[in-house]
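Participant: Sharing a structure with you now.
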Ligand code: ADP
Ligand code: MN
């Protein structure tokens with residue numbers, strides 16, 4: 001059940017790399033005092049992976065290890081989880097799932113200036129064009145908790161953070177009866 005016993009909600013912020021997840025989550029954590037969990041950093045720091053993918057230059061995440069690591073924290077509530085994937089977390093963890101989306105040419109420039117090129121760049125742009133994360137979120141969570149938010153400009157970020165802060169502050173635990 002969504003919100004099962006938590007005093008504060010958990011939010012998942014997902015989207016293609018470069019759509020602004022980490023920027024948005026940091027600001028949201030500052031505004032609400034909740035814990036920002038950057039799953040990519042966690043995987044690196046705690047070694048929750050099965051080696052390195054040479055083609056896409058990233059760790060091969062061990063989803064079971066990540067879920068075991070996060071279970072207790074998620075049960076307590078008050079977390080913002082930041083990751084470019086969403087189909088392996090337990091559905092019951094989240095009260096709100098946000099999918100950030102960015103215009104393809106803007107995203108292309110952001111990823112290029114981050115040093116992405118070749119198959120890694122192309123794969124991520126295609127991921128955005130085909131709305132892979134939005135489809136994954138809709139397939140993995142109840143549709144009424146999934147929200148797509150545009151993240152092209154700094155004004156978009158401000159608006160998204162304000163909206164999510166309001167949502168967070170207005171959230172109330174569900175009664176069990
Ligand atoms: P992600 O965590 O989704 O990979 P980041 O938050 O690290 O994305 O953002 C990647 C880069 O793009 C950063 O330099 C960030 O400042 C910039 N950026 C992200 N979202 C926006 C936005 N909506 N408007 C302007 N710049 C953005
Ligand atoms: Mn990030």
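The backbone N, Cα and C atoms fix where each Cβ goes, and this holds for glycine too.
Summarising the annotation, TrEMBL assigns ATP binding site to 18, 20, 21, 22, 23, 114. The region 'NMPbind' annotation in TrEMBL covers 38-61. Taken from TrEMBL, the feature region 'LID' covers 113-123.
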Participant: Out of 21, 23, 114, which binding-site residues have CB atoms lying under 6 Å from ligand 2?
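Facilitator: Result: 21.
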Participant: For residue 18 (ATP binding site), which DSSP three-state class applies?
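Facilitator: Looking at the DSSP assignment, residue 18 (ATP binding site) belongs to neither helix nor strand, so coil.
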Participant: Mind checking which of 21, 114 has the fewest other CB atoms within 10 A of its CB? They're the binding-site residues.
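Facilitator: Fewest other Cβ atoms within 10 Å, among the binding-site residues 21, 114, is found for 114.
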Participant: If you run the three-state DSSP split on residue 23 (ATP binding site), which class comes out?
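Facilitator: SS state of residue 23 (ATP binding site) = helix.
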Participant: Name them in sequence order: residues not among 18, 20, 21, 22, 23, 114 whose Cβ is within 8 Å of the mean position of the Cβ atoms defining the ATP site.
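Facilitator: Here the non-site neighbours turn out to be 17, 19, 24, 110.
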Participant: Near residue 20 (ATP binding site), how many other Cβ atoms are within 10 Å of its Cβ?
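Facilitator: Around residue 20 (ATP binding site), other Cβ atoms within 10 Å: 24.
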Participant: Taking only same-chain residues 6+ apart in sequence, whose CB is under 8 Å from that of residue 22 (ATP binding site), what do you get?
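Facilitator: Residues satisfying the criterion: 38, 82.
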Participant: CB neighbours of residue 18 (ATP binding site) within 10 A?
Facilitator: 25
